[in-house]
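Copied over from Swiss-Prot, here are the features:
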type    : residues                                                         : note
BINDING : GLY13, GLY14, GLY15, HIS16, ALA17, GLY18, VAL125, SER180, GLN370 : FAD binding site
BINDING : 273-287                                                          : NAD(+) binding site
Amino acid sequence: MHFHERFDVIVIGGGHAGTEAALAAARMGSKTLLLTHNIDTLGQMSCNPAIGGIGKGHLVKEIDALGGAMAIATDYAGIQFRTLNSSKGPAVRATRAQADRALYRAKIQEILQNQPNLRLFQQAVDDLIVENGRVTGVVTQMGLAFEAPAVVLTAGTFLSGKIHIGMQNYSGGRAGDPPSIALADRLRELPIRIGRLKTGTPPRIDANTINFDLMTEQKGDTPLPVMSFIGDVSQHPKQISCFVTHTNEKTHDIIRGGLDRSPMYSGVIEGVGPRYCPSIEDKIHRFADKSSHQIFIEPEGLNTNEIYPNGISTSLPFDVQLNLVRSIKGMENAEIIRPGYAIEYDYFDPRDLKNSLETKSIDGLFFAGQINGTTGYEEAGAQGLLAGMNASLQVQGKEIWCPRRDEAYLGVLVDDLSTLGTKEPYRMFTSRAEYRLLLREDNADLRLTEKGREIGLVDDERWAKFSEKRESIELELQRLRSQWVHPNSPLIDVLNPELNTPISREASFEDLLRRPEMDYPKLMSLEGFGPGLDDPRAAEQVQIQVKYSGYIQRQQDEIDKAIRHETTGLPLDLDYQEVPGLSNEVIAKLNDHKPETIGQASRISGMTPAAISILLVHLKRRGLLRKKAS
């Protein structure tokens, strides 16, 4: 049975990847269908009730700069906002928000329901329709076929998902939701490498049974940060505190005593878990010398008594979970509302994807999110936006686009995955980006919004606000460069008391701002130097561009050198056995990874500069030396 309409793009799954994919394709004018097993769970925060953080916040800002929904929903749902690494340089500062689950889900659903060109339909997908190496549609659980030339698959943890609590396990996509078994079996027939990964979640605690007086209160920042570039503090709901407590030796003894019934340590779980978000069992085992571990007590919302104890993700049996929770200071009488669990699921080797996130083996089929081996809402949302955008571009007959590593954390994410692959759940850190001074949270819009507008992702309202901000920054920078103060100027009397070294020769306002003891608000407060910019985000941008101009230019010079052969394309059907001079080891690595560009090839572990030179010579001799479209 065929549905009565055809679509341009079909998105399977309504999590963070799926919602951003569907919204991106629809914003670009493609007739888009979002299929989900349950419309009520669209935008669900399945694990921790938070958005952002180190590296992750950068991705949220980039999603926002390209017109995505995650940051907007966070501003409407955030019940505590903090800037992490605020005492460090701007490259590693990151915004993190504690979110009310219900408010976040409601805002995402509101955005989806009001998006032109987007249709929602509640049905699980069991099969893909593939004809002559190209996807042409999908078939749902009830046998209904939907047709489209592009399909974006964002299955999350649902593919052959198996939930573990102690030695008990059962099939599930997450607690309370069925897994996707038929679709997982169908995908296993495709010529794409497959593996198993694992993630977990902590038990949820009843706030009424916690003694918060025995814990350390953690308040949000003042002034309140805002997540979206078009957001405003007035959108934030009521702000509340989180709390901090710690495990202790008694906790650790309880956990050690239960390891014989742990599915992780008894060999029941095959999948590899996230290195940077380990279970409490893993922490006790790997860091045996530590006498305590920090736990963040995070409210799940304004109108719920559920608490998320960030730091004790576990799949231990329920009785062990209850005992370990009650051994922690402030939770001696705690009651568990939902037990913690681990979940195993299928993922596919992202080296079998192009950097557009289209599979190399099936034309028109795109993967995004945890199916590619990543972990985290932010990583999923970023991939979803890219996959939905490129699916739409392909359908419209336009060139696909993926930012380079020097243009966005999204570019770093996709390049890492498609070039190196991953054997464990991948999460983003600022340390993964070699050009992180240029890839700051604060300039994500300046880096990406113009490109987003060109592609069709950015609407008129966002574009107008961005253009106004960009123009005000440029005009203010011009003013600071063009206005000067002399040693005999009347302005000296108000200026010198604020400087470590008095002015001895003429200096521009820009020179003054570059001094370590001076910042933009202080300079603008001095008589004769202001009034400056009213928009604090534009003012921050002016200060950063001035103070870090030397470092920024140096990094840009490095990029210009590195980019010379970065985008030189490598034909996917290139027979590396025919390239004279390559070692058998290098040939094996190239055949295994199938890089799309010289840049990707150069980042494969064990690839030598000599091998890259040999490849370039071969391409030149064969007349294949050309840049890959970006």
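Any Cβ shown, glycine's included, is placed from N, Cα and C.
Between the C-alpha atoms of GLY13 (FAD binding site) and GLU281 (NAD(+) binding site), the distance comes to 31 Å. Packing around GLY273 (NAD(+) binding site) is summarised by its Cβ count: 22 other Cβ atoms lie within 10 angstroms of its Cβ, all protein chains included. Around ARG275 (NAD(+) binding site), taking its Cβ as the centre, 13 other Cβ atoms fall within 10 Å, counting all chains. Comparing the Cα of ALA17 (FAD binding site) with the Cα of every entry in GLY273, LYS283, HIS285, PHE287, these being the binding-site residues, the smallest distance points to GLY273.
When the binding-site residues SER279, GLN370 are compared by the number of other C-beta atoms lying within 10 angstroms of their own C-beta, SER279 comes out lowest. Closest to GLN370 (FAD binding site) in space, going by CA atoms and restricting to the binding-site residues GLY273, SER279, LYS283, is GLY273. For VAL125 (FAD binding site), the same-chain residues 6+ apart in sequence whose C-beta sits under 8 angstroms from its C-beta are ILE12, LEU35, VAL138, VAL139, THR140, GLN141, SER180, LEU183. Counted over all residue pairs in GLY13, GLY14, GLY15, HIS16, ALA17, GLY18, VAL125, SER180, GLN370, the record's binders of FAD, the longest Cα to Cα distance measures 18 angstrom. Cβ contacts within 10 Å of HIS285 (NAD(+) binding site), excluding its own Cβ and spanning all protein chains shown: 17. Each of the binding-site residues ALA17, CYS277 was scored by the number of other CB atoms within 10 Å of its CB, and the largest score is that of ALA17.
GLY13 (FAD binding site) counts 31 other C-beta atoms within 10 Å of its own C-beta, drawing on all protein chains shown. Fewest Cβ neighbours within 10 Å among the binding-site residues GLU281, PHE287: this applies to PHE287. When Cβ atoms from all protein chains are considered, those within 10 Å of LYS283 (NAD(+) binding site) total 18, not counting its own. Checked against GLY15 (FAD binding site), the binding-site residues ARG275, HIS285, PHE287 differ in C-alpha distance, with ARG275 being the nearest. Reduced to three states, the DSSP call for VAL125 (FAD binding site) is strand. Secondary structure at GLY273 (NAD(+) binding site), taken from DSSP and collapsed to helix, strand or coil, is coil.
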